[in-house]
Amino acid sequence: MMGDPYNDGYMEEEEEWDREGLLDPAWEKQQKKTFTAWCNSHLRKAGTGIENIEEDFRNGLKLMLLLEVISGEQLPKPDRGKMRFHKIANVNKALDFIASKGVKLVSIGAEEIVDGNAKMTLGMIWTIILRFAIQDITVEEMTAKEGLLLWCQRKTAPYKNVNVQNFHLSWKDGLAFCALIHRHRPELIDYYKLSRDNPLENLNTAFDIAEKHLDIPRMLDPEDMVNSAKPDERSVMAYVSSYYHAFSGAQQAETAANRICKVLKVNQENERLMEEYERLASDLLEWIRKTKPWLENRTTDNTLPGTRNKLDEFRDYRRKHKPPKLEDKAKLENSFNTLQTRLRLSNRPAYLPTEGKMVSDIANAWKGLEHAEKGFEEWLLSELQRLERLDHLAQKFRHKCEIHEEWSAGKEEMLQSGDFKRCRLNELKAMKKKHEAFESDLAAHQDRVEQIAAIAQELNALDYHDVATVNTRCQRICDQWDRLGQLTVKRREGLEEAERILERIDQLHLEFAKRAAPFNNWMDGAKEDLLDMFIVHTTEEVQGLIDAHEQFKATLGEADKEYSTIVSLAQEVVRLGQQFGLTPPDNPYTTLHAQDITNKWSEVRDLVPRRDQTLQQEMMRQQNNERLRRQFAAKANVVGQWVETQLDAVASIGVQMRGSLEDQLKKLQAFDKAIIGYKPNIDELERYNQEVQEAMIFENRYTQYTMETLRVGWEQLLTAVARNINEVENQILTRDSKGISEDQMNEFRMSFNHFDKNRTRRLEAKEFKACLISLGYKIRDDRQGEADFQRIMSIVDPNSSGYVTFDAFLDFMTRETADTDTAEQVMQSFKILAGDKPFITAQILRQELPPDQAEYCIQRMAPYTGRDAVPGALDYMSFSTALYGESDL
C-alpha cells in the first residue's frame with residue numbers, strides 16, 4: 001500500500017540511475033546548493049548541519065539523523081567506528097529505512113555514498129525529498145509533481161505577469177515566488193511595485209522575506225537562476241515544496257473553518273427566518289391594532305377639508321398602506337412554511353412561534369380589520385356631500401362679505417379725514433360734490449348688508465362648523481355700516497362750515513394781493529436805490545445824493561401805515577384758520593407772503609441809516625480828494641513849467657550855435673548840473689502822485705499836467721542834455737582829428753538844423769539829399785545821380801533805417817573835406833619803424849610807441865608767417881588793413 005504512490009510516471013523517471021553518466025555542471029552546482037540548504041533546514045532542528053553534501057554523509061551518521069528528523073521515527077543505533085565497514089553499515093541502515101517507506105532505490109548503493117559519489121549522493125537526497133517533502137502533496141487527486149504544480153498555478157492565477165507551467169523557466173524572473181508570498185502573507189511584500197524587468201531584485205526580495213519571516217532557508221542562488229538558460233528543475237521543486245509546507249498549515253485551518261462555517265450558516269439562516277417571522281408578525285399585528293380603531297371611528301371635524309382629508313387618507317390606506325401589509329401577511333405564511341421545511345431537512349425540531357403570533361392568530365386579526373373597513377367609504381362620501389352643500393352657502397357668505405369689505409375699505413378713514421381743512425375753496429367745492437355722490441352710493445349698498453346678515457342667520461341654523469367666524473365677521477360689517485352713516489353726516493356738516501370760512505379767507509387773500517404787489521415793487525425800488533453803488537468825483541455830486549436821500553426818508557411814514565394794513569390782512573387769515581381748525585391755503589392771487597413783506601420792510605428800514613452813513617463817509621472822502629488835487633496841481637504847475645523852459649533852452653543851444661564848441665559844452669554841462677539839483681522837486685511830486693493814486697483820483701481840473709507827462713518831460717530833458725553833451729564832444733573830437741575849422745563845423749550844423757524841421761536830430765533821405773546839395777555837393781538828377789546817392793546812403797545809413805543822424809552826417813562830411821589817414825599810410829608808418837622789413841617785433845613796438853598803444857598792437861597783431869620770419873615776428877600789414885575795416889582785426 002505504501003509503494004503505490006511512487007508508481008506514477010514521475011517516479012519511474014527517477015528509478016534508473018546512470019552510473020557512468022555525468023550531471024550538467026550548472027545543474028549539479030544548483031542541486032548541491034539547494035539540497036544542502038534543504039538538509040540543513042531539517043538538521044538544524046537537531047543542532048547540526050552539513051557543509052559538503054558528498055563528504056558529510058559518507059559516514060552515514062548525519063544521514064541517519066536527517067531521516068530521524070524528517071520522519072519523526074527512531075532508526076537503529078549507528079555504528080561508532082571510523083572504519084569503512086562501519087560507514088557502509090550506517091549508510092545501509094539509512095537506505096533500508098528509506099526502502100521501508102516503499103521507495104525503490106535502483107542503482108544506489110552504500111559504497112557509492114561512502115566513496116563520496118556526488119551523483120549518487122544527490123540522487124539519494126532527491127529520493128528523500130520526493131518521499132518526505134513532495135509525496136504528501138495532494139490537489140484534486142493529483143500527487144507529487146503535478147499536485148505541487150497545480151497548487152502553484154491556483155495560488156498565482158490572480159497575479160499579473162505570472163504563468164507557472166513548469167519548475168524551471170516559469171520561476172526565473174522571481175515574480176512567481178513573490179506571488180506565492182503575497183497570496184498568503186500580503187503584508188510582507190508590495191507585489192504591485194515589482195517588475196519582471198528586475199529578476200535579480202525580485203528573487204532576492206522573495207528569498208530574503210522567505211528566510212526572515214517564513215523560516216525557509218535560501219536554497220537557490222538568484223545569480224544561478226538568472227544566468228542559467230534553464231534552472232535545475234529538482235532544485236526549484238525542492239525549494240517550492242518548502243513554500244507549500246510553510247503555507248499548508250494555514251490551508252488545513254481554512255478547510256476546517258469552512259466546514260464549521262457551513263454548519264453555522266445553516267443554523268444562522270434558520271434563526272434569521274425565525275427572527276424575521278417574529279418581527280413581521282409583531283409589526284403586522286401592531287399595524288392592525290392601530291388601524292382598526294381609525295376605521296371604526298365614524299365621526300368628522302364637520303369641515304369639508306377635514307372630511308376630504310379623511311377620505312384621502314382612507315384611499316391611501318387602500319392603495320398604499322394595506323397592499324404592503326397584505327404582502328407581509330403572505331410573506332409571513334410562506335416564511336413559516338419554509339422554516340419548518342428547513343428544520344425538518346436538517347434534523348432540527350419544529351418551530352413554535354411566541355404566544356399570540358401563530359398563523360391562525362394573524363388570520364383572525366386580519367378578518368377583524370376587514371370587518372371594520374366595511375361601509376367606511378360609503379359613510380365618508382355621504383358626509384362629504386352634506387358638507388359640500390353647507391360649504392357652498394359659506395362661500396356665498398364670504399363672497400358677499402369680500403365685495404362689501406373691498407368697497408368699504410378706507411371709507412372710514414376717508415370720512416374721518418380732515419383733508420377739507422387743508423384745501424383751496426375750489427377744491428373744497430369739488431369735495432362737497434364728491435361727498436354727495438358717496439351718500440348716494442352708501443344708500444345703494446344697504447341691500448347687500450341685509451343679505452349678508454340673512455346668510456349668517458341661515459348658517460347658524462344649519463350648525464356650520466365655523467359659525468363663530470361667520471358671526472364675528474357679520475357683526476363687524478354691521479357695526480361698520482352704522483359708523484359709516486354717522487361719519488357721513490358729520491363730514492357733510494364739516495364741509496359746509498369750511499366752505500363758509502374759506503370764502504371769507506379768499507376775500508382777504510384778494511385784498512392782500514391788491515395791496516402787497518405795488519408795496520413790494522416800491523420796496524424793491526427803494527432797496528435798489530439804497531444799495532445803489534454810486535461813483536462820484538466831487539463834493540457837489542455827493543451833496544446831490546444826500547438831498548435825494550432826505551426826500552426819500554420823508555415818505556417812510558406813509559409807507560409804514562401801508563405795511564401795517566397789509567400785515568393785518570394776513571394776520572386775519574391766520575386767526576380764522578386757528579379758530580376753526582383749518583389750514584389756510586396759499587394765496588391764489590399772489591406769490592407774495594406776509595413774511596416776505598415784513599422781511600423786506602425791515603431791510604428797507606435798516607438800509608436807511610446805513611445809506612446816511614455811506615453818504616457822509618463819501619463826502620469826507622471827496623473833501624480829502626479835493627485837498628490832494630490842489631496839493632498835486634500846485635507843485636505840478638511849477639515843475640512842468642520849469643521842465644518845459646529847460647527843454648527849450650537846451651534845444652536853443654544847438655540851434656543858435658553861438659560861440660565855440662567848447663563854450664557850448666560848458667553851457668550844457670551847467671544845464672546838466674542844474675537839472676540834477678532840481679531832482680528833489682520831482683521826488684516830492686512823486687510822493688504827491690502816490691497819495692492821489694491811492695485815493696483813486698483820476699482827474700484834476702486844477703492842472704494840465706499828469707505825473708506821466710512830467711516823467712516823460714524830465715526824462716527827455718535828461719536825455720537831451722546828455723545827447724547834446726555827447727554830440728558836442730564828438731564834434732570836438734571830429735574837428736580835432738580831421739582838421740576841420742570852426743567855420744566849417746558851424747556850416748555843417750546850420751545846414752543840418754535847417755533841414756531838421758522837427759528837431760529830431762535826424763534827416764530823412766530827401767532831407768539829407770537837399771542838405772548835401774545846399775552844401776555844394778553835386779548830385780546829378782538822373783539814374784547815375786540816384787546810384788551815387790544810394791552809395792552815399794549805404795555809407796551814412798548802413799542799417800537801412802531810412803534816416804541819417806547828425807553824427808553820421810558829420811562823419812561823412814568830414815571825410816569828404818578833410819585830409820584823412822588811410823590803411824596804406826598806416827602800413828607805411830609801421831614799415832619805417834620796422835626798418836623796411838615786412839614784419840615787426842614786440843621789442844620795436846615797446847621802444848617806439850607809448851606802453852598802452854604798444855600792448856594794444858602786440859595783443860592784436862597776428863604772427864608773421866613769411867620765409868624771412870624771426871622768432872616773435874608780428875604781421876603789421878594785416879593789422880593795418882583791419883584797422884580800416886578791410887579785414888577782421
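Each residue, glycine too, has its Cβ placed from N, Cα and C.
Pulled from TrEMBL, these are the features on record:
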type: DOMAIN; residues: 29-133; note: domain 'Calponin-homology (CH)'
type: DOMAIN; residues: 142-248; note: domain 'Calponin-homology (CH)'
type: COILED; residues: 263-290; note: coiled coil
type: DOMAIN; residues: 743-778; note: domain 'EF-hand'
type: DOMAIN; residues: 784-819; note: domain 'EF-hand'
Cβ contacts under 8 Å made by the domain 'EF-hand' (784-819) with residues that lie 6+ beyond its boundaries: 727, 730-731, 734, 738-740, 744-745, 748-749, 752, 761-765, 768-769, 771-772, 775, 777
Long-range environment of the coiled coil (263-290) - Cβ separation under 8 angstroms, sequence gap at least 6: 325, 328-329, 331-332, 335-336, 338-339, 342-343, 346, 348, 351, 353-354, 356-357, 361-362, 365-366, 368-369
Residue counts (helix, strand, coil, in that order) that DSSP gives for the domain 'Calponin-homology (CH)' (29-133): 71 helix, 0 strand, 34 coil
The domain 'Calponin-homology (CH)' (142-248) [mean pLDDT, rounded to integer]: 87
Residues in the domain 'EF-hand' (784-819) grouped by DSSP into helix, strand and remaining coil: 25 helix, 3 strand, 8 coil
Residue counts (helix, strand, coil, in that order) that DSSP gives for the domain 'Calponin-homology (CH)' (142-248): 69 helix, 2 strand, 36 coil
Secondary structure composition of the domain 'EF-hand' (743-778) [DSSP: H/G/I, E/B, coil]: 23 helix, 3 strand, 10 coil
